[in-house]
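These notes concern the structure reproduced below.
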Amino acid sequence: MTDKPLAPPESHTSSASPTIHDEPGVTGPLDVSNDNVPENLKEETNKGKAARISTAPEPREQTDDGVLIINWDGPDDPQNPKNWSKKKKWAATLIVSAFTFISPVSSSMMAPASEQIAGQFGVTNSTVIALLTSVFVAAYAFGPLFLGPLSELYGRSRVLQLANMWYLAWNLGCGFAQNEGQLIAFRFLAGLGGSAPLSIGGGVLGDLWRPEERGQAIAIYSLAPLLGPVIGPTCGAWIAQRSTWRWVFWATTIVDAFIQVLGVFFLKETFPPVLLERKAARIRKTMDPEKAGTREVRTIFDGADRHWKNIVAKALVRPFALFIHEPIVQLLGIYMAFVYGTLYLFLTTIPGIFEGVYREKVGIAGLHYLALGVGLTGASQINARMLDKIYKYFSAKNGGIGRPEFRLPSMIPGSILLPAGLFITGWTARADVHWIAPDIGIALVGAGTILNFQSIQTYVIDAFTLHAASALAAVTFFRSLAGFGFPLFAPAMYNALGYGKGDTILACVAIAVGVPAPPLFWFYGERIRNASKYARQSIPQSHRR
């Protein structure tokens, strides 16, 4: 055995490169390569007139041109979200996770009631019936593309809560729809608002938790959007059997209203540029214009020519730039899209297996969604305890230097369990085989799904800390299109091939795409990040040599 640390090959970057910190604005050398640092400060630095950020309690420093630069009051500033108490951090984390949970509940809760809805509205086309459920997920692809960047402009909490109220209103309207056209339109509009936590939530966690702390928080956050589609159909099946389908929407609206009230009181703003801008505003109010020798007060994120139009234009383009130019987003986005699409395909085919093959009633058939929940929850709880331990272990072996690639080991069992579950489910979904056999396969699919999700989420947040919301918006775009499209072709595929051959095709794709992913990013992830403008801006100091 050797004591040589197991880590991706070292990059050949110079050790003299500017220091980049995990939290924006923490004291240290100014990174003039960072696009978030104003151009005028870059020029001053290049001319030897660096606007050094103070480590003293005084939160501002006057530059040569009379500008006060506002920053945190040192690395232990209690206003910095990373220095909040654990109680306050977990309150925000749980509220964001609750938002992230209730929206996917709505996305899938009507699946068991879709036949009842189709009967009332006279819909006979199987694709249109599937569309009633999956159109909500189609909105997930587009909402984060503008909600994520808007959160980086106007604050995470404000955008998240306004988007949730938009979702609440249109989800309530779904319960009053009078035809399939209204229901599809209302579902899409509700999905736009419900998509906010999928991208903004990751940014909140990136603001709150340091890399060595955030594993368990992200494990809970990552479980929410996957456990929601499990709980939703289970409840929806009994509602469809015992009451009208309209209560599917009214029930979720009531629960979401309760979560929204909690959010108003416990979800505080976490985005550093917005918090520092508020500090700058307070300082401006206390200044005496006649006695102060300054012309301007701004934060380390502001340029002298800062204007909201320029900021909006840049931030709204960022997810598309990440989508087009970042190999990390492209490769992980494709794999996450397949995993997410497979999950939603399962959500729409579980009723067919247990109602059609095993002849169970709607309510009883809906209980088999719990098998998926067992796999998701069990693997999530184990991985939540392991993510940070694995990260710290490899960091210690690597001389105390952490890297985003240290989040990848749990992808290895995930990429094995997913195809194994597909094989088992497909070939045991027969009337002569006990129903527990396909349930075991479904549970393994759930376990493989959450392990892959948690690894990818933490990797993306660690690699794109400052732009985590935009990076997750780009990744979410891929996966949501798959979650929308996979259920539409599922009925035709299974009718033509059966469950055995159909799931075998999916399992082979899972092996081809998923198995090579962990070693690929383990050995080449750092090289890819070093070629990335956005990842290099966001990588914490502890992640770099």
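Backbone N, Cα and C define each Cβ position, glycine as well.
The following features are taken from TrEMBL:
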REGION    1-64  region 'Disordered'
TRANSMEM  90-107  transmembrane segment
DOMAIN    92-529  domain 'Major facilitator superfamily (MFS) profile'
TRANSMEM  127-147  transmembrane segment
TRANSMEM  184-206  transmembrane segment
TRANSMEM  218-241  transmembrane segment
TRANSMEM  247-267  transmembrane segment
TRANSMEM  328-347  transmembrane segment
TRANSMEM  367-387  transmembrane segment
TRANSMEM  435-453  transmembrane segment
TRANSMEM  465-484  transmembrane segment
TRANSMEM  504-524  transmembrane segment
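Same-chain residues lying 6+ beyond the ends of the transmembrane segment (90-107) with a Cβ under 8 Å from its Cβ atoms: 133, 136-137, 140, 160, 164, 167, 171, 190-191, 194-198, 200-201, 204-205, 208-209, 217, 220-221, 223-229, 231-232, 235, 249, 252, 255-256, 259, 262-263, 266-268, 270.
Here the transmembrane segment (504-524) does not touch the transmembrane segment (218-241). Their Cβ atoms form fewer than 3 pairs under 8 Å, with each pair 6 or more residues apart. A contact between the transmembrane segment (367-387) and the transmembrane segment (184-206) is absent, since fewer than 3 of their C-beta pairs, 6 or more residues apart, lie under 8 Å.
The listed stretches are 218-241, 328-347, 435-453; of these, 328-347 has the most Cβ pairs under 8 Å to the transmembrane segment (465-484). In this model, the domain 'Major facilitator superfamily (MFS) profile' (92-529) carries an average pLDDT of 86.
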